[in-house]
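Asks: Here it is, the structure, as structure tokens.
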Amino acid sequence: MITFKQFLRLGGGLALFANPLSAQIDADLIGYWTFENDLLDQSGAHAAGTHDGVEVGTGALSYVAGPEESFGQSASFDGTVGIRIANTHISETNYQNTFDEALLDDETSGEPVLDAFSISFWARGFPARWAPWVAKRGEGAEGFQVRRHDTSPNATFTLRSTAGTDDPKGSVDVSLDQPRWIHFVATYRGWDEENEGSGYRRLYINGVEDEAVTLLDDASFPGPGNAANYWLTIGARHNNADPNVFQAFFTGEIDDVAIWNRELTAEEVVLLNKKPLSLLRSEIDSDGDGLSDEEEGLIGTNPNEADTDGDGIDDFVEHEAGKDPLNDDDFDGDGLSNLQESTGSANPWTGPALGSLPGDPTDPLQVDSDGDSISDGEEVAAGEDGFVTNPNSDDTDGDGFTDSEELTYDPPKDPTDAASTPPLWLSQLVGYWSFDNHLQDASSSAGHGEMRGLEVTASYATGQFGQAIDLDRANQQYVEITGAPDDTYDNPGGDLSVSAWFKVENFDQGWQALISKGEGSNWRIARYSSSTGMGYAGGLPDVPTSAAAANAFPVNDGAWHHVAAITRAEESTQIYLDGQLAGESLGNAVLAESALPLLIGGNPGTPEDAAGPYRSWNGMIDDVAVWKRAISAEQVAAIWNEGTGNSIQNLIDGVVVEPPGGDQVSVDSFGFTASGDAVEVSVSQLAVDKTYQMMRSVLLDGSDWQNVGEPFTGGTTHTFTDPAPLGAGEGGKAFYAIFEVAAE
């Protein structure tokens, strides 16, 4: 059944009449001031007059309209007047420890009064530096305040004690567009020795938690200190133990102040953000479905049945979405009725097994319960695609391809048969750009690109395969992927792989970006700092972990290079360069969800970088692919193909370019000094897993081969200098060769 609380967690809205929690909303309410032209405590938790308000200061309160008509009046403060709550100072004859921590409410139980508490109020206006809206001192090591944080535009929930954090600074700007009404809720639950780590401090702004204030307290934080020598105040703060001194007076309006001796839930906070507590307390919702009994009478639903039509969705959820709570309709439009979905009566799948009806329920709020782009109704019947697939699993046969990937392949594969699969290279491929004179994405995501920069006409040149995009840093050029949603290339908490070929024309900025989704815990492939090599951020830390390690794999030589970057969730991050593992970090491989676009040749997290916007690339990029899975070392080797390379399209099509027989040797340069003193030779593109020796012969009959330099491994360019005179051979000739030798 989809209940009101589930609907809230799914992000549903709230009708102003909805209150499934009315039976609990005033549980442990210990103070409530509505300011209906008076300062009376309306909580009902104490004898009349016990905790009424009293004006303090030199000015006088007035009363004006509250946040909405339903709130009635509010208290208006002119900067010279505040409110103290009676019998909250220990010097008073009728003092009550209602709002004081560490004073015991039951001598036998030994439980502190405010081991947990919550404060809710509405305010219009912005306090002075460190000035409160509501306070019980909250200075030194005593009490609490909800107040402005220093000179910032943010709020804080201050808890003062002998240890711990006092004033966590919020992130929400509550000074913006003042005067305007804002709803605040501060909640605290003390650390529980029996449930270690359960102590939380939270501040909600307009129903949404300001997570910058959220703190997990432990046994080292004893809770707010005893402030019995200070009054509970609204719109001011009691300055010290002198009963007559108050300070930090507020200018503006405050309304509907309530305090509970417990931690409010997030659902209760949402409700309090919609209407005054007085209305929430007065409404009756007999069946707890989110509709008051009065409202159910108006729309014709049963006030004693949360789900009048018995379709598995509460009346409130259907009514809020504009559906009929009196009929079992198809809420999400997937071809299955609400009842069929909530009971599984049309689904033949139970877990991973295909059997008889009924099977597992599906989500009546989602047209596609498993997110595989096939509707629930289509999955449970052999409809247009001819297959009965599992509506609760995006990969029915567990072969690593989603049902949608198998069915959209040409020709379609059987999504219920693990032996029937598309090419492995297509598995979870979410982006593929060949840059063959276009910026189109060849994957099913259709994430086509657009040129950005001072010059938006794309330039192409001969690439590793066909053509490549040639980016000019002088024009701040990069490619922004706009054809698919930005989160297409995110996989929060999951795996990710990226492959690309590239050529560096020049490294002229630190952290120049090859491909990026941003900074921090987003992912990027870029020049490592100011090194000559590359790095990958796909979990913390970057790999390789230092510029020195990156320099071991130089790429700024004008040649084509291949990079593969891989995140295995919570296991490892790796970067391969030209087929070799160039960096690895174990653990902390956790990707975040980025709100930024994917850029090829730029970094969306650095638009205002002083050395160059977006840290744009200077050179060519070719054959870029992104997968939401971790490709294997064998697959990296297949793409590298001993330097010859295989394009992703060829690998998909099964058209694999075989590497040349034996090792390929490229003589990049050959020369000798004008005086004939030495010979210098550079070689590259040798196999990465073998060891070689450069040798020289004068006679070329095999009898006089001599080593030149030390043995070396393939994979990078290696330069040798032979100081032997060229005149050593007949006619001034010498011959050079490279031999494979056994590794030492």
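Glycine too: its Cβ is placed from the backbone N, Cα and C atoms.
Just so you know, TrEMBL annotations never went through curation; they're auto-generated.
Residues or ranges marked as signal peptide by TrEMBL: 1-23. The domain 'LamG-like jellyroll fold' feature in TrEMBL is assigned to 115-267, 494-634. Annotated region 'Disordered' per TrEMBL: 282-422, in sequence order. The annotation compositional bias 'Acidic residues' is assigned in TrEMBL to 285-297, 306-315, 369-382, 394-408. The compositional bias 'Basic and acidic residues' annotation in TrEMBL covers 316-326. Summarising the annotation, TrEMBL assigns compositional bias 'Polar residues' to 337-348.
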Asks: Is the compositional bias 'Polar residues' (337-348) in contact with the compositional bias 'Acidic residues' (285-297), using three or more Cβ pairs under 8 angstroms as the rule and ignoring pairs under 6 apart in sequence?
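Replies: When sequence-distant Cβ pairs are counted, the compositional bias 'Polar residues' (337-348) does not touch the compositional bias 'Acidic residues' (285-297), since fewer than 3 lie under 8 Å.
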Asks: Grab the same-chain neighbours of the compositional bias 'Polar residues' (337-348) for me: Cβ-Cβ under 8 Å, and only residues 6 or more beyond its ends, written as numbers and ranges.
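Replies: Same-chain contacts beyond the ends: 1-2, 310-313, 328-331, 354-364, 376, 380-381, 388, 391-392.
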Asks: In the domain 'LamG-like jellyroll fold' (494-634), how many residues does DSSP put in helix, strand and coil?
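Replies: The counts are 10 helix, 55 strand, 76 coil.
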Asks: For the compositional bias 'Acidic residues' (285-297), how many residues does DSSP put in helix, in strand and in coil?
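Replies: Once the DSSP states are binned, the compositional bias 'Acidic residues' (285-297) shows 5 helix, 0 strand, 8 coil.
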Asks: In the compositional bias 'Acidic residues' (394-408), how many residues does DSSP call helix, how many strand, and how many coil?
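Replies: Tallying H, G and I as helix, E and B as strand, the rest coil: 6 helix, 0 strand, 9 coil.
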